[in-house]
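Peer 1: Can you read through this structure? Questions will come right after.
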Amino acid sequence: MLRNNLGNSSDSKNEDGSVFSQTEHNIVATYLIMAGMISIISNIIVLGIFIKYKELRTPTNAIIINLAVTDIGVSSIGYPMSAASDLYGSWKFGYAGCQVYAGLNIFFGMASIGLLTVVAVDRYLTICLPDVGRRMTTNTYIGLILGAWINGLFWALMPIIGWASYAPDPTGATCTINWRKNDRSFVSYTMTVIAINFIVPLTVMFYCYYHVTLSIKHHTTSDCTESLNRDWSDQIDVTKMSVIMICMFLVAWSPYSIVCLWASFGDPKKIPPPMAIIAPLFAKSSTFYNPCIYVVANKKFRRAMLAMFKCQTHQTMPVTSILPMDVSQNPLASGRI
């Protein structure tokens with residue numbers, strides 16, 4: 001049935017499968033095209049900065065690099081396919097395309113949530129438990145990063161093999177979890193995803209950043225040398241950047257979670273069409289505001305970006321080894337990531 005529906009003409013889909021007019025589709029398509037271009041360009045610049053300046057290749061930034069990869073993945077696949085379908089007036093890429101599109105968006109989205117959790121754990125171990133942080137090696141960070149990617153892959157594959165399903169949303173121009181079919185399979189999948197990939201990560205992040213904040217307050221009020229204050233200033237920059245990213249993650253994914261919860265415990269037919277399209281758009285929005293957060297909240301990254309635009313081949317960034325926490329700030333080297 002879904003395959004047949006996806007094969008219908010643009011006109012019939014606009015009448016039967018989409019709750020939006022073509023003008024509304026065009027507005028969404030314009031947004032997607034602009035946001036996609038900004039996201040791809042900005043995240044490529046982010047990767048270029050990390051590649052160019054070895055001073056930025058720290059364990060925490062290795063996680064940020066992977067976040068940039070997830071953003072590029074959504075921008076290069078999710079935005080173009082959805083924009084093309086909006087311009088067409090209905091889903092343009094058939095049943096297989098729907099599965100690939102929705103699966104990749106869930107894959108990159110869940111991976112980014114996992115990576116943000118890893119950043120929070122890294123900040124906690126680096127600042128609050130430096131003795132543990134010192135023992136974290138290349139394999140430790142690789143394992144944490146791979147865990148985030150594997151988690152994303154698992155939840156992306158489940159609807160394809162039968163736990164819930166992917167289908168076009170009410171606009172008919174994008175594919176996602178089929179929340180209009182709120183059967184037992186959908187409800188169990190949705191509740192598990194929200195618990196494991198929303199509630200648990202937020203709990204871990206809150207715990208980590210709460211204790212990080214206490215540690216930073218303690219050290220900033222103590223009588224420290226200038227070099228110690230400089231090291232803590234760097235740590236505060238990285239932590240501030242991480243906290244802003246978490247807050248924006250909450251803003252981005254909350255509408256989508258609300259839609260899924262509404263569909264699970266209420267009547268999916270009563271979900272307002274604007275909310276149905278705003279939810280996935282919000283979820284994708286982190287792809288273009290994350291690079292802005294790196295620039296605004298991190299002085300080292302900001303200096304590196306300016307240096308790259310000035311075509312400087314090397315940027316002087318003093319790396320200190322005074323504090324135990326320097327494990328998470330030293331450039332990547334053999335034996336450490």
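Backbone N, Cα and C atoms are what each Cβ position is placed from, and that goes for glycine too.
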Peer 1: Same topological domain, and so the same side of the membrane, for His25 and Gly266 in Swiss-Prot?
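Peer 2: The record shows them together on one side of the membrane, with a shared topological domain name.
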Peer 1: From the candidates Cys98, Cys260, Cys292, Cys311, select the one that Swiss-Prot records as forming a disulfide bond with Cys175.
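Peer 2: Within the candidate set Cys98, Cys260, Cys292, Cys311, Swiss-Prot assigns the bond with Cys175 to Cys98.
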Peer 1: Using a threshold of three or more Cβ pairs below 8 Å, and leaving out pairs closer than 6 in sequence, do the transmembrane segment (141-164) and the transmembrane segment (189-212) count as in contact?
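Peer 2: They are in contact.
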Peer 1: What three-state secondary structure does DSSP assign to Cys175 (disulfide bond)?
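Peer 2: It is in a strand.
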Peer 1: Rounded to a whole number, how many Å is the Cα of Cys175 (disulfide bond) away from the Cα of Lys284 (N6-(retinylidene)lysine)?
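Peer 2: Given the Cα positions, Cys175 (disulfide bond) is 13 Å from Lys284 (N6-(retinylidene)lysine).
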Peer 1: Just to confirm my parser: what is the rounded mean pLDDT across the topological domain 'Cytoplasmic' (122-140)?
Peer 2: 85
Peer 1: Suppose we draw a 10 Å sphere around the Cβ of Cys98 (disulfide bond). How many other Cβ atoms does it contain, all chains included?
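Peer 2: So the number of other Cβ atoms within 10 Å of Cys98 (disulfide bond) is 25.
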Peer 1: Could you check whether the transmembrane segment (141-164) packs against the transmembrane segment (27-49) - three or more CB pairs closer than 8 Å, residues at least 6 apart in sequence?
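Peer 2: These two segments do not touch.
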Peer 1: Give the residue counts of the topological domain 'Extracellular' (88-101) per reduced DSSP state, in the order helix, strand, coil.
Peer 2: 9 helix, 0 strand, 5 coil
